[in-house]
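Trainee: Could you have a look at this structure, given as structure tokens, before my questions?
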Amino acid sequence: MDAPVSFSLGAMGPLLRKLDSLPVAPEIRLPEPLKDGIELLKEDLEEIGAALVEQSMVDSPSHRARYWMDEVRDLSYHIEDCIDTMFSMRCGGDDGKPRSVRRHKVGRVKVDGFSKTQKPCTRLARIAELRALVREASERHERYQLGDGRASSSSSSSHRVFTAHGQVPAPCRNLVGMDEPKTKLTNMLTDEAELHMKVVCILGSAGIGKTTLAEQVYRKLRWQFDCHAFVRASRKPDMRRLLGAILSQVQLRIRISDTSTVQSLIDNLWEYLQKKRYFIVIDELYETATWDIITSAFPEDNNCSRIMTTAGIEGVALECCSYHSVNIFKMIPLGLDDSAKLFFNRVFGSEQQCPYELNEVSYRITAKCGGLPLAVIIIAGLLASLPCKTELWYNIDGCLCSSVTTDIDLDEILKEIISLGYDNLPHYLKTCLLYLSLYSEGFIIWTADLLKQWISEGFIAVIDGEDIEEVAESYFYNLVNRGMIQSVKTKYNNQVLCTVHHTVFDLIIHKSKEEKFISAIDYSQTMPGNSLEARRLSFHFSNTRYATEVAGITLSQVRSFAFLGLLKCMPSIMEFKLLRVLILEFWGDNHGCMSFNVARICRLFQLRYLKISSQIIIELPAQIRGLKYLETLEIDARVTAIPSDIIHLRSLLHLYFQDGIVLPDGIGCIRSLRTLKYFDLGSNSEENIRSLGQLTNLRDLHLTCSAPKSNQQAKRNLVILASYTGKLGNLKSVKFSPGDSGMDISFLFYGIGISVDRSRTASSLPFSVRTLELPSICIFARLPDWIGQLRKLHTLNLAVRELIENDIDSLAGLPDLIVLSMHIMKAPMERIVFNRKAFPVLKYFKFICGTLRMAFQAGAMANLHRLKLGFNAHKGEKYDNILVGIEHLLNLKKIAVRIGGAAEAKESDRMAAEAALKEAIRKHLMFLDDLDIARVECVKEEYKCIKKKHKIKIEDSISEKNGDSKKQHSVEKKAVWGKTMKNIADSGVFPEDYTMSREQRVAEGFVVGIEKCRAEDAAERIIRNVPVDYDGLGQVSTSKIQDHLPELAPRAVQNEKFGSSNDLSIMIQINKYARLPSYEWRDTDISKLNFRLLRAPMLLEAVTARCHLLDLILIGSNNITVLDLGRPTITKLPASIECLPNLRYLRLQGTQLKSLSEVIVKMPTIRGLDIKNTKTEELPQGILRMKKLSHLSMGEKQKNIQVFMEKMQTLAETVQDSDDLSDETEGIADDEGEFSTRANASTPKVDEDEVDRRANNFIARFRKQITIRNSGFAKKESSIDERLWIRDLDECQLSKRGGRF
């Protein structure tokens, strides 16, 4: 096992490995003298390296020994820097051949020290100088006589402790001695007789469990308040961050602006909390000044609001409670029994599993912990890592004796035990723990980020065959189990947030400074002396009042730099030369800085880790291929552009950009990639999606679809993705989430999702997948069969339109499924039953559906801890058996329920559902720790809530158009909403691929003309968003709206009582429908139906092929206005068509009709006739008598079009469609004779007198408008004069001219 970078050995281990590999590196050809010099240097370093290891294992080294170790560590860093400077000037090109950095012109900036290759003689002389320094250090070691030090048995241990797959052992989560304090504190906070805002403070020494108690009470009570927040302060709190955290929790989905000041945050909090019942927890208050600032943000009202604080100083506690000592809850240490119980749980699992010979010493050690839970946890973590040998345990007991005196000081006991726990850590764990001093006190850290930083720093030592990330994870959980790191929150997907207890933080800050490992500087500190030559440096300059630029620090040697604060305090990147880790989190100020240029990072050739978080736009360099060691690139900010050569970063492991970013084509070239977040299916090319199949090392794939060009494109991209993911044999996690802007797949509403047919996207996901999250953005028609084949699945989150019992059975057998989240769009007809032994290891279950019908049999979900439910209350529904068998969930700890309201449901219905649910839980789950039931507006179903969302969007758009949202616009909002829903419902009657013309919508009466906008233009606007075909002027003539309304239209058909689906049972129940599709109907079906109110049947092949069925429907349907017979099975018109006195629109497109019956000309109400793509070549002469015919659509077969242009008295406008000429003119005419036209701008002008003469003749002959669509006639030369003749009318500007025919 190679030695990693460590605080005790410096860079000695990596340096020796580097010197060992240099002479044989294929990309560097070294002359023999230089190879010999490198070999001699390595031998010298190995000698002093061995002495350094010996000294690092001494318990209490002398001052002289410390001085020598510091010198050798610095020397190892210095030599590695020199080696990197001399030999890291080359980077691989596209073809893998070595090229100089100058060839790439990185950033077009000259790089000092790297501009040209050093001569071999120069490098040989430099190696000789380094050898001289090493020999001097070796001589001082002999002169100081440092070879007699004795190694510590504890600190010399290199034993590594691993935990199973990143899980904190179950005993770590067991709480001891909390029941009684929790009950008392809860009673203090829930006294409803005290209406005024009340403050309760938990007082106790460090490590006694104040935070744990506050968290338990907070989780229990928070749902009883309108809003709530839990934040942690510190001894040097960042007030802006603290107040921003409160505001973001009480006012969800708010984004704190960079320009927000402390006072503006206080004002926003004060305003938002007015007249609200709030519950705020402020943990770890140290100063009254901090409390004075925070409390000014909370209005003192009579809404029973509560604030809970924790403090270790009695004066601070009294100040918080306005010196009402009765509101101070004083915590007392654990008794010996509780301390022993906690100890045994942590070490052995229970006291019964403790070896007999260790029982007595265990009680002795526990008694010396002073009843402090943190002390017990740390000492238990120490002993759990040691062999169960009596002598070792008694040695630990002996070390604790000095901590216990007759006058017990709990703070000193805790410090002593923390110090003992630290001293007994292996060196590799000490290094990782000390690295946390890079962050400020109380900072919440994402574990995933921390592990990647450890790896980039070189702290992780791996043995052949081990995965470096798994080893890093084992380091982390080892420190958690030892109590050195605290897990703040573990999300359902196993993402962990962590921090460090302030007492532990004090220790690692002290040790880090002592070892010159990390220098952390904040605005309140003077510049420490050891920061001048720091290798790892962090700045915390978030206070706008005191933050200033730092001077006097040399940055060229800094290897790791973390910056948190105002952008103006950020040092120039040009000053860094050897950075390996760069962490930037900055914000602007009131001066309006909008962007930050980090193009100079292309100089940092040793960079391994780069993370930038900001609301400011980041300008990346145009090229970064010179960063050949870069492993993590994470930009949590908007960027101007992605470097085009990012695909050439051969060492890149983790790539993160915000959603919506278009990655350069060829992303599959980064074969080393393990994490890709986010890959946008909407903006990336299909070729780039295919290239994902080349990322054979990919483990975590985060997908989004922020802005697809169309719903069809999104579906097509999903199919492409599914066909290539099977090649990713190492894939463990697939997550699909909507982008920040949502996924706009419809012109009508926002972010519904992609409707996915499971047969079309049959998954080729590898069996290695452990996490699959496909939430409501991707909706399956049914649960895909292939999900049951993913036997290693750990987390599953998906949405399906419909769920049946067999689907649950296929999931119940997954052996490793721990997290299951399901969103069911269509309410099941039968109760969902979870059978005995179903989901044996499931711990988290979330189920969202319009109705709550489920039952748990005995033995189902035996290990379930958290249950989240969401459903809608319905009008008049009874909830006697709302959760059948919930008493069988014996390990359930937390329940969260959201109760919405279905259509027509009242508040009383939601209250009834809530009362029934609480009663069921109270009766059967007395042991429950956390119950959260809340009434919400609506739980998303297939139709109801989407409808409301669309309605809100319409109202907002009208308000925006008018500049406000005053009441005078309510009529307009209502009118627009009504028209929209009619068109949506009309779409829902038809199948997905059915196309509708704008004339059909006008004939239905859904779209009417208004001033300056005729009905046809209004219809064109409605169907504009989903075009299928265009007319000559580029206007949409037909559309497929159903394809873009997978959620709304089908349910709108039923809920608006507008049409009916193919579900015969529903149709018979409603018995009132205006529009009707028919599929596989039989004679017996039709006999059950009443067609009296039918207005628009859509008759498919099953009916049109049988004339007697068609006659059965049409006879007696006097209200039919639209009739679609456009099916190839129609060879003649049914005789019953003459029984339709109100028919306005007749569609015969695609039929086999050879001629039109004279019956049609006897129907004076017809306004639209579509005979395109039929075999009809001649039109009946009687068609000239159809006075109301305004739309006639014909094809090439109608050869007698010229006759109608000359003879048809009602012709007001002729339009010829042509793919070549694309000419069309549409007119407006009414019964008053008003007429105007719009013409193509390219129309050639003619003589004005001729135009006037033609116009007068035109108006004299015709009084109404007709639009004739012909797909082939416009290509004939004979039609050119007629087209120009019509176009010329536009120049006449005809209005109020002419009269009745």
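Here the Cβ of each residue, glycine as well, is placed from N, Cα and C on the backbone.
Among the features that Swiss-Prot reports, region 'Structured coiled coil (CC) domain' is placed at 1-177. Annotated domain 'NB-ARC' per Swiss-Prot: 181-464, in sequence order, evidence recorded as sequence analysis. Feature annotation from Swiss-Prot assigns repeat 'LRR 1' to 604-627. The repeat 'LRR 2' annotation in Swiss-Prot covers 629-649. According to Swiss-Prot, the feature repeat 'LRR 3' maps to 650-671, an assignment based on sequence analysis. Look at Swiss-Prot and you will find 673-697 tagged as repeat 'LRR 4', backed by sequence analysis. Taken from Swiss-Prot, the feature repeat 'LRR 5' covers 728-751. What Swiss-Prot lists as repeat 'LRR 6' is 790-813, and the listing cites sequence analysis. Look at Swiss-Prot and you will find 861-885 tagged as repeat 'LRR 7', backed by sequence analysis. Marked as repeat 'LRR 8' by Swiss-Prot: 1020-1043. The repeat 'LRR 9' feature in Swiss-Prot is assigned to 1060-1083; the stated evidence is sequence analysis. Sequence annotations record features per position, and here Swiss-Prot assigns repeat 'LRR 10' to 1117-1140. Per Swiss-Prot, repeat 'LRR 11' is recorded for 1141-1163, and the stated evidence type is sequence analysis. Per Swiss-Prot, repeat 'LRR 12' is recorded for 1164-1186. Taken from Swiss-Prot, the feature region 'Disordered' covers 1214-1249. As annotated by Swiss-Prot, compositional bias 'Acidic residues' applies to 1216-1234.
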Trainee: Which residue counts does DSSP yield for the repeat 'LRR 7' (861-885) in the helix, strand and coil classes, in that order?
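Mentor: Final tally across the stretch: 0 helix, 10 strand, 15 coil.
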Trainee: Summarise the repeat 'LRR 10' (1117-1140) as counts of helix, strand and coil residues per DSSP.
Mentor: 5 helix, 3 strand, 16 coil
Trainee: Against which stretches of its own chain does the repeat 'LRR 3' (650-671) lie, if we need a Cβ under 8 Å and a gap of at least six residues from its ends?
Mentor: 92, 452, 628-639, 642-644, 677-680, 682-685, 687-688, 690-697, 704, 706-707, 737, 739-741
Trainee: Which bits of the chain, at least 6 residues beyond where the repeat 'LRR 11' (1141-1163) starts or stops, bring a Cβ under 8 A of a Cβ in it?
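Mentor: Contacts with the repeat 'LRR 11' (1141-1163): 997, 999-1000, 1003-1004, 1118-1133, 1135, 1169-1180, 1182-1183, 1185-1186, 1193.
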Trainee: At a C-beta cut-off of under 8 Å, are there same-chain residues at least 6 beyond the repeat 'LRR 4' (673-697) that contact it? List them, or none.
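Mentor: Distal contacts: 469, 652-663, 665-667, 703-709, 713-714, 716-718, 720-721, 724-725, 727-730, 737, 739, 743.
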Trainee: Please report, as numbers and ranges, the same-chain residues at least 6 past the borders of the repeat 'LRR 1' (604-627) whose CB is under 8 Å from any CB of it.
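Mentor: Contacts of the repeat 'LRR 1' (604-627) (Cβ under 8 Å, skipping residues fewer than 6 from its ends): 84, 88, 91, 101, 104, 106-107, 114, 255, 257-258, 449, 452-453, 456-457, 559, 567, 573, 576-588, 593-598, 633-646, 648-649.
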Trainee: Need one number: mean pLDDT over the domain 'NB-ARC' (181-464).
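Mentor: For the domain 'NB-ARC' (181-464), the model's average pLDDT rounds to 92.
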